[in-house]
Amino acid sequence: MESCHIPAAEEDILLNMAEIVPRNRLKGWDPQRPERPQTTRTDRLSAQVPGEEHTTGMEEGARLRSSADKNTGNGSSTDTASASGSSTADGGGVALKKEIGLVSACGIIVGNIIGSGIFVSPKGVLENAGSVGLALIVWIVTGVITAVGALCYAELGVTIPKSGGDYSYVKDIFGGLAGFLRLWIAVLVMYPTNQAVIALTFSNYVLQPLFPTCFAPESGLRLLAAVCLLLLTWVNCYSVRWATRVQDIFTAGKLLALGLIIVMGIVQICKGEYFWLEPKNAFENFQEPDIGLIALAFLQGSFAYGGWNFLNYVTEELVDPHKNLPRAIFISIPLVTFVYVFANIAYITAMSPEELLASNAVAVTFGDKLLGVMAWIMPISVALSTFGGVNGSLFTSSRLFFAGAREGHLPSVLAMIHIKRCTPIPALLFTCLSTLLMLVTSDMYTLINYVGFINYLFYGVTVAGQIVLRWKKPDIARPIKVNLLFPVIYLLFWAFLLVFSLWSEPVVCGIGLAIMLTGVPVYFLGVYWQNKPKCFNDFVDSLTRAGQKLCVVVYPQSDAKDEDEETKEQRAPIYTPTEKCEAADGGHL
């Protein structure tokens, strides 16, 4: 069908700096700067349409939607998704699309939790627990605690319905500095290093069959990891629907691979291979029990469940978040816990604890023992799992950076989305670039160790914020309200873990705190200081204009129904083109 759109002229989109850089985004906006005569958005849109009727963008969009409904009969699932996805942009503007349904929401949680760890090195828990039985108990308990924390985040997610996850919650509850420090550690180290490590794991398992007698060359590993990052960044820039489909497919693939491991474990048990599962053998200690090591086992188990909070980063793109956010948690966390526990049971039916601890790739060793000529399935499964992990991390971390820019804590161009595809292209490119920079460094594993403590510290701070919010705003609308016992249990568990982390590795934790505190002067200079020199503001303005033109992006039009009064007063009106976001099937509305 021929497009009926009347695109806005570039000079209208980028007419003056006051429109593309709202006053609340870049402090120091000069009120004396000349502005264009005040005209309404309807006047400008009408002036673009030749003829007598002068149809506005809103009227034209309504006419086209009505025509499309008549032609399609409103019956296809794609149309339904498109309608819900464009509901925030019904006024003719550009907005993030609500395209993440329940299945994709589960895919984001499961896909981000299950990376390469369960395939490559689930031995950290066993090594510190000291016995098979205690290790399995640790996996179960950490799964339950993760579910408790996820339910606390679910309440916060629907009470503060913003993308950005714990950053948005900490900022709104404890103030801008606390939120900025959470964002700072994520932008500076956490997400770039994690994504780089996952991409390197992917390239290692892809290239290893080509170098059976030696290690793959380092340059080849990093180059393939860069290709993986660039490809998935392009997919995420092109379409939210494509990105979620990739996530769904690769999540299903890794679950099938783990399902195969579990089935083989059941077959082993049926053959009588369950020596290490008998109670008298399962709790036989192969090292002296130590409370500090047991705490480290719980910490290792908690690391394995990392990613359970990533769905909160994309709340604004979730269809019906009040229902789908808790549903996705109720489905995903028990599923991951089941898979983790039974995968470890399967491993122990084919390997002794000593063999498991000696293996550098547990799933590969397991496949070599039981799959014979089909052993190649395991390395491919690890590669597919890590590929999906990179996609999920890019998708969610870009929304965190998008949310930070929208609040004025990052360059404002990162808060813009593509005028046609409605994807946060600048934030995605920023995420990709920072990860590529980490690929050329040799200290990223050390950096992860330093800031891992801080990352989990903020989980506790966020859940503590839930209790503070209950006290400060008891009457605020809470579509989901969990028992206060849940955050208390979670905080006690994390206090136990963090105290032992400080006790066992005080230098590492201290360096992590120092890295986080480097964000304090950055906050006061970049965010808190409003009267910056005019030359600096002009320079930032020029960069913003260049970034906007390069990526063809604008600020998204906010849904007035979801904004509080303070946000409405602060947000300056911006001009958005008449084109609607692309439909789910790749066409236009």
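Just so you know, glycine gets a Cβ as well, placed from its N, Cα and C.
TrEMBL does not curate its annotations; it predicts them automatically.
Owing to the predicted nature of the structure, the values given are computational and were not obtained by experimental measurement.
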Stated TrEMBL location of transmembrane segment, expressed as one of 43-62, 383-402, 543-562, 563-582: 383-402
Region pair the transmembrane segment (249-270) / the transmembrane segment (173-191), three or more CB pairs under 8 Å: no
Tertiary contacts of the transmembrane segment (223-243), as residues 6+ beyond its ends and Cβ separation under 8 Å: 81, 85, 97, 99-100, 195-196, 199-200, 202-203, 206-207, 317, 387, 390-391, 394-395, 398, 418, 421-423, 425, 428-429, 431-432, 435-436, 439, 582, 584, 586
Residues of the parent chain within Cβ reach of the transmembrane segment (291-308), under 8 Å, 6 or more residues beyond its termini: 109, 112-113, 115, 117-118, 122, 124-125, 127-130, 134-135, 138-139, 141-143, 145-146, 149-150, 329, 332-333, 336, 340, 392-393, 452, 456, 493, 496-497, 500-501, 503-504
Candidates 100-120, 132-153, 510-529; stretch with most C-beta pairs under 8 Å toward the transmembrane segment (383-402): 100-120
Cβ contacts under 8 Å made by the transmembrane segment (100-120) with residues that lie 6+ beyond its boundaries: 81, 198, 201, 240, 244, 247-248, 250-252, 254-255, 257-258, 303-308, 310-311, 314, 317-319, 324-325, 327-329, 331-333, 335-336, 339-340, 343, 360-364, 378, 381-382, 385-386, 388-389, 391-393, 395-396
Proximity verdict for the transmembrane segment (173-191) and the transmembrane segment (510-529), three or more C-beta pairs under 8 Å: yes
Criterion met for the transmembrane segment (510-529) and the transmembrane segment (447-471) (at least three Cβ pairs under 8 Å): yes
